[in-house]
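> First, the structure itself, so that you have it in front of you.
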Amino acid sequence: MVSAFEFVPAIAVLPLVSFVVALTFGKWMPKKGALAGIFATAGSLLISIWTALTVAGFLGSETAYHEEIWTFATGIGTFDLHLGVFVDPLSSLMLLIVSLISLLVFVFSLGYMNDEDETGLPRYYASLSLFSFSMLAFVFADNILMAFMFFELVGLCSFLLIGFWFREDAPPSAAKKAFLVTRFGDFFFLIGVVGIFATFGTGLFATEAGFPAMAEQAITGEMPGPVSEFLSAVGMGAQQWFTILGLLVLGGVVGKSAQFPLHTWLPDAMEGPTPVSALIHAATMVAAGVYLVARMYGFYLLTPTTMAIIALIGGFTALFAATMGVVKQELKQVLAYSTISQYGYMMLALGSGGYVAAVFHLTTHAVFKALLFLGAGSVIIAMHHNENMWDMGGLKEKMPVTYWTFLSGSLALAGIVPFAGFWSKDEVLYEALIHGLGNPVLLVAWAMGLLAVFLTGFYTFRMVFLTFHGEPRSDTAEDPESVRWNVKLPLGILGVLAATIGFINMVPIKKLTGLKIDFLHKWLVGSETLNAEFLTGLEHYEPILKNVAGIEASYIAGSEITTLLLSAALSLGLALAGVGLAYRLYAVPEPVEHTKKLGGLRTLLMHNYYQDEYQVWLAEGVTLPLARVADTFDQGIIDGVVNGISSVSLFSGDRVRRIQTGVVSNYAALLTIGLALLLIAFGIVGGWF
Amino acid sequence: MLVELLIVFALMAAGLVFLVPDEYAGQFAAVLSLVPVGVSLWMYSIFDGTGNALLEGGQPAFETVANWITLGPYAISWHVGLDGVSMPLVVLTTLLTTLAIVSAWTPIDERESQFYGLVLFMQAALIGVFAALDFLLWFVFWEAVLVPMYFLIGVWGGPRRKYAAIKFFVYTNVASLVMFAGFFTLVFGLGDSISTLGLPAIAQALEAGQLGSVGGFGPGTVKLAAFAALFFGFAVKVPVVPFHTWLPDAHVEAPTPVSVLLAGVLLKMGTYALLRFNFTMLADVARANAALIAIFAVVSVIYGALLALAQQDLKRIVAYSSISSMGYVILGLIAFTPHGVGGATFQMVSHGLISGLMFMAVGVIYNETHTRMIGDMSGMADRMPVTAGVFVAAAFGYMGLPLMSGFAAEVLVFMGAFRSTTIPMAPLFTGIAMFGIVIVAGYLLRAMQKTLFGPFRLETDYEIGRAPLQDVAPLFVLLALVIALGVAPDLFYRMIQDAVFEVTALGLGGGA
Amino acid sequence: MVPAEYYLLLSAAMFCIGLFGILTRRNALIFLMSVELMLNAANINLVAFSYQWGNLTGQVFSLFTMALAAAEVAIGIGIILVLYRNFADIDVTKPTTMRW
Amino acid sequence: MIPLQTQSTLPDWAALAPTLLLGLTALALLLVDSIDPDDDSPGLLAGVATLGSVLAMVVTGWYLVAGTGMPRTGGAIELFNGQLVVDGMSLFFTFIFASVTALVSVASYDYLADRAHQAEYYALVLLAATGMTLMASANGLATAFVALELSSLPSYGLVAFLKNNRGSVEAGLKYFLIGAVSSSVLVYGISLVYATTGVMKLPAIATALGGGVAGQGTLGVLGVGILMVAGGFAFKTASVPFHFWAPEAYEGAPAPISGFLSSASKAAGFVLAFRVFVTAFPLEVVAGTLDWTLAFTVLALVTMTLGNFAAATQENVKRMLAYSSIGHAGYALIGIAIVTGTANQGYALGASMLHLFVYGFMNTGAFLFVALVEYWGVGRTFEDYNGLAKQAPVACFAMTIFLFSLAGLPIGGGALSKWALLSATASAATLSAYLLAAALIVNSALSLFYYSRVVKAMWIEEPAGDFEVSSYPTGLYAAVVGAAIVTFLLLPAFGVVSGTAFDAAAALF
């Protein structure tokens, strides 16, 4: 029978086709290209499911797949560059998520864009399709160069979509910012990629020939030839050099996943259409960074320093973003900062060795964040594109579907049992804790993450209460525009998922009851071949984590259960506390702004800790003036010299011709003098006298 | 004989176009110029050259040798041939010429027949430059390129065209003569070991360490002096900072189609010559001074990008960014690794296409608005969506967007440079140079945001219509090529690799 | 007999006198005469050394020189004539319509 | 080519056929004029002059092809007891003179239209040409002087030919006065050389000097003599410091004559210098007394720099060409300036000869174009040339070829010859040689600037006034276009002449 794996490329190619179709024929198509996208992503979803089943081992025997499909650039006497497909549990899971969310976003867009009869829809759907294409191709990339390429394309699509309403001033500038900031991160990423190729001669993620495996050998076993060659060239130890490479790649991750300090582009990115925000934050662009770290986890595990840094960045970002989320006025702004914060959790998990936890949170977050954004989208439709929460209120009755689904999403985000967020976030914190007990750095990261739980609960429900509860605070809120099925359907699906998706990995229950219900964990442990041949299974990672990264689990009072319950109770309690505070402050008929109580802190938070300010200053206060100086220097000095030479020679020419006075006697005189000079000079030289 | 066919046909076409009346000249020239395109593509398809034309074991395709003149002790011959380096450049030349001619239909509205005649004449010379394998022959073509360019800028250019034309003319001519003198020092240094000025003969004699002392100077000095002279001569053409100041003026004043050829092909003459002479014949000197040259390269990249950042004139921006992009070529060449030199060569082609695309896009906007100043317009995407779309695509191509040729070229150069053994602290140098990709994004995004996006506004009082097909069509052709080469660099990269591999081995031991 | 150096000195003196005339005098005709003086300085050398070396080459050549000098004068007079017609003067420093 | 043995087929004196042809043509012209004194048949005169010079050209060409006087056919042919010698070099230059004369005669037909004394004009031109050919084959100082005068005296007359034109007369006067001084300097120099060696024939002088005849005491005398001889030649070649006549003479003279003098007469000076210095004063013999290559190096440097810099800012095209021709004298001097031991001597000298050859056509052509413009009555300044290409594209195209070829761009032979010189300096590779190379580069860059000013005026600038080209004179056009074609053909067909030149030059050493 045919294997699903042969069709994996199609997962990405279908959206690509729909991109071309929408771009060229979109104008004349019934839904302006939406249908093309829907069909394409639906197809991708089906193939993804098929692939997932195959990976799970239900169909056929092989459960992972690697194939080089296109030689990109042939090298003679050096390595080739190629594009290839690599399917393993991680990538197949990601494929599933991405294609699902894309499909739903396409459907939702029918309501959000078409029904609002926006212009330029073909462009919109084309970009959307390109976005899905890039992301899917990125997911099944088999080497880091290919990953980078589609990583960049994702950036392009974000540029196109954020700047979709190019006729206004704000969106294009936001788009520019998004691309520039992520580009800055990608600059380091690219150095990392180039470095990896230069060091290992390959960019493969998996198999013995892959660079993580070679790196592992270099550190644990005997040094592979090319690697030692290069290391001696740069004159560094393996550990040291790999750390540098890892950090360089991490630059790209920080940029795309909007981690501190390169998070500034994400809130601005809200200028784009809301479905786009859903896509960007839930499943694609921002997820890409975290996914990349998971993808090359085998490499990061080798360098404890990098791991620690990842954890710290994650923990800090989680807290940092959450604090800013507390004071935002606009619905989508709150969600934006929550996104940053949630991805912080994933980084925290990865950094502290919680591979499963990270992937778990990535999954659940994809669902509930998509849900929240689409819900917000539906609210925004209802509010005629007014996003200020202080103009809303009392929408609960007006739009029940939106309300209940949004609520489910919010509970998930806040991490209230038994919604998805609880399970994943709890596991993240648990992993951080147990590994942190033996490792102060991780413990600090854990503490920050824990603190963020409270804030998350607070700002989430502040948002919910302000939007849906109390009395309507504006005329539009009085009678909001109603939304159609194409909005409600995706909300419904996601709402259910948000409530239930957490059950795929209920570790605490397992630990307590001993039921083998940690499906995701099993899934990521992967098959025999995966660990033996492709080396991307959990069983391959765990020993490295222990031996090389030196991150070991230790438990409070030596009891795993105690620790487990403690951590769960702690996070749940904090979350509930946050919700409760929000309830006391905002779940009243006439809520008022309490931010003044924060005093000086408020302005700081309102200005997002002046992050934008200093980055803008770096760009326009430092770089531009520098460029101008360079320009003046160029025009003045360098070009001045060139022009100077010419004018000097012309001037001297003008002097020289004055010798020709026109008086023949002078000529005779000069002639005589000239001859005399020659005679004297050569007389002296020749010694005639 | 196919190379001869190309050159002779281009010359005859030029002659014919001079004679036809102005109103038909454009179309006529375009049709004629399709023949070289076809021929060159056919040559590409049957290309059978192996190795590097200058080195032992190299067997250029379409090679012909015929005795031309005797210059003192040296037999000068008509010696042409194409190897993996020159073949792509010839294809690039023919393609860009045709596209430039078509894109000239709109902007060029006086003395057309002379314009197109000169363009075709220049095409002949350019093909000659890339195909010639005898020094004097090569130099004839090299210098012959100047003449049409002088007129093309001087007659059909902008307000300061005369200044720009003469500046370009004199500056590059001085450079060529210095380079000529330097090269002949080398030739006489080789003494009786060569009897022709064939580049392969000279290169191989140098490899064999035949260089003797000239006048009072020993071989080492001679080599170094010659290298310096040659490097200066070509650096002006490339241009490498600080010999670049003729370029912005020339670009800004030249009409768009001419800018296309100037950036697309003429700059490549410099890098091509650098590869042939400095980095193949005098590889050992190049290696010895790798650090210095790498610094030249990096400075060109960063400084050029910074200058572009400071500009308001769209054309000036592209002009300066060409300087920046050419810096990558130098970096790749000096790396002396297969991907380094190969990537550099690929970058020559790729940048030829992309910069051509960029200039054409600017040109189309200019045709409609009659301004190129960023401040004068905004929201053009509202009125010229298609053009704007291509402009965006071109800009991202310039930023090295994956699946477009620029990315392939740059990443290859970086990979080559990163693991280079010639450049000291290669990773550091490469890393610094790579910061160019951030700055380029900076100024191009800024330019796009200011001109294409935002609410529509235009200072000049012109009625904006959609650009005519003849203006936009070339853009799409180029875009298609850029993407094709971006998805499948091997179309050219394979033969390039084959031709440059030998080069990377040079200069390690040999040479006196 | 008189040593050769004396002739050399004599001719040199004549040559310099002629040169001096050229540099100082403005009248075209006197200019011409000065030139003649210089030519004859050469002739002195030629004749003297022809005697010195004991061959006739020098003497014969001096005859040639005289002839050519005559021809030169002929042309010169002609030019001076048209000069006078155009500038109503034979001052050699007058005609300066072309300079620089 | 047929290896034709001149000795066996023709008597030796036949080797002088070109010279004789030119001389006889001059006489024939006078004869025609005496038969029919009132100039009603300009066509006939021009025709005869052209015919004669073309005949001379053809014969010379034939000899060159046949190899008369070349090593491969038994070496130089000595005539009149060795006073004259016919060899590759003399024939090579004779060819230049003859072809320039032909061009000038053709062009003059229109230029002189309805002027008096045409017969005298042509006769003088041909006599001057005869003198030049004699200079090319003069093998003794005496013959050299006589030949030089034979070419100079008619030139004086020709420059002043427009006797009602103040410019022409002034030019004639200055040319004549400086010429007179220079010739007396030359003669005095000759006398001094004779004083130290006692002989006049060049080879004899060499042997005499080699035999150490020149005692310690007479060292200075010899040195002064040689320098003064050099001065005499410098006058002919319009090199510093004997160049002062040139700008005025070329500007004031009838344009065809300017072309004639600035190319043919200059070349004549050079051939004489080459032969005399290489044959009579071999460096290894006189180096102790006077390293004349050093002298010529200085002259070359100063000459080319002064010429080009002065030309750079001229307003008058003809005067610009005049100065540039001084500059080119400087270039040509390079050849003789670097015939040192280290250099490939034949190569160096050959390069100079080639440059003079190409120069003969491109420079004459340029001046003839000026003649054409004067004929039309357009002004002489750059501004007056504005937009000329719209009126007369063909002529302007020809002029563009001349100018760019002069500037050394490869759309004419000028490029190759200039590059030959540049490479020759590289072959010498002494410090002074590199100095020359540097000067050459700087100067030709500058020359590119001022030559392209003319091109710019013709093609780029808009015409100032509404001026209409009245007629298209056949003679002038024929000459200009012909010169342009030859100039261009010398690029691809450079080999035809280069071989001969290098052989001829090599034969001298």
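If you go along the chain as it appears here, the first residue is 1 and each next one adds 1.
Glycine too: its Cβ is placed from the backbone N, Cα and C atoms.
All annotation found in TrEMBL is predicted automatically rather than curated by experts.
The shown structure was predicted, so the numbers you read here are calculated from the model rather than taken from an experiment.
As listed in TrEMBL for this protein:
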- A:7-28: transmembrane segment (TRANSMEM)
- A:34-57: transmembrane segment (TRANSMEM)
- A:76-125: domain 'NADH-Ubiquinone oxidoreductase (complex I) chain 5 N-terminal' (DOMAIN)
- A:124-141: transmembrane segment (TRANSMEM)
- A:141-442: domain 'NADH:quinone oxidoreductase/Mrp antiporter transmembrane' (DOMAIN)
- A:147-166: transmembrane segment (TRANSMEM)
- A:187-206: transmembrane segment (TRANSMEM)
- A:276-294: transmembrane segment (TRANSMEM)
- A:300-322: transmembrane segment (TRANSMEM)
- A:343-360: transmembrane segment (TRANSMEM)
- A:366-383: transmembrane segment (TRANSMEM)
- A:403-423: transmembrane segment (TRANSMEM)
- A:489-509: transmembrane segment (TRANSMEM)
- A:564-586: transmembrane segment (TRANSMEM)
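Help me see these features in their spatial surroundings.
Here the transmembrane segment (A:7-28) has Cβ contacts under 8 Å with residues 36-37, 39-41, 43-44, 47-48, 50-51, 65, 69, 85, 87, 95, 99, 102, 121-123, 125-127, 129-130, 132-133, 136-137, 140 of the same chain, all six or more residues outside its ends.
On the 0 to 100 pLDDT scale, the model's mean across the domain 'NADH-Ubiquinone oxidoreductase (complex I) chain 5 N-terminal' (A:76-125) is 87.
Below 8 angstroms of C-beta separation, residues 8, 11-13, 15-16, 18-20, 22-23, 26, 32-34, 36-37, 40-41, 44, 83-87, 91, 94-95, 98-99, 102, 105-106, 109, 113, 118, 147, 149-151, 153-154, 156-158, 160-161, 164, 205, 273, 275-276, 279, 283-285, 288, 291 of the same chain, each at least six residues beyond the ends of the transmembrane segment (A:124-141), sit close to that stretch.
Sequence-remote contacts of a segment are chain residues at least 6 beyond its ends whose Cβ falls under 8 Å from one of its Cβ atoms, and for the transmembrane segment (A:300-322) they are 212, 215-216, 219, 239, 242-243, 246-247, 250, 254, 259-260, 263, 293, 337-353, 432, 439, 441-442, 444-449, 451-452, 455-456, 459, 541, 544-545, 548-551, 609.
Long-range contacts of the transmembrane segment (A:343-360) within its own chain (CB-CB distance under 8 A, at least 6 residues past either end) are made by residues 90, 93, 253, 257-260, 286-287, 289-290, 293-294, 297, 300-301, 307-321, 423-425, 427-428, 430-432, 435-436, 442, 445-446, 449, 452, 504-505, 520-521, 524, 538, 541, 545, 549, 551.
Tertiary proximity for the transmembrane segment (A:489-509) is limited to same-chain residues at least six positions away from its ends with a CB under 8 Å from its CB atoms, namely 104-105, 107-108, 356, 360, 363-364, 367-368, 370-371, 374-375, 378, 401-402, 404-406, 408-409, 411-412, 418-424, 426-427, 430, 515, 517-521, 564-565, 568.
Through the fold, the transmembrane segment (A:564-586) approaches residues 414-417, 422, 425-426, 429-430, 433, 450-451, 453-462, 464-466, 469-470, 507-508, 511-512, 556, 594 of its own chain, all at least 6 residues removed from its boundaries and within a Cβ separation under 8 Å.
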> Residue list, the transmembrane segment (A:187-206) vs rest of chain: Cβ under 8 Å, 6 or more residues beyond ends.
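Non-local partners: 64, 66, 78-79, 81, 86, 88, 141-148, 151, 212, 214-215, 224, 226-227, 230-231, 241, 244-253, 255, 295-296, 534-536.
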> Helix, strand, coil residue numbers for the domain 'NADH-Ubiquinone oxidoreductase (complex I) chain 5 N-terminal' (A:76-125) per DSSP?
31 helix, 7 strand, 12 coil
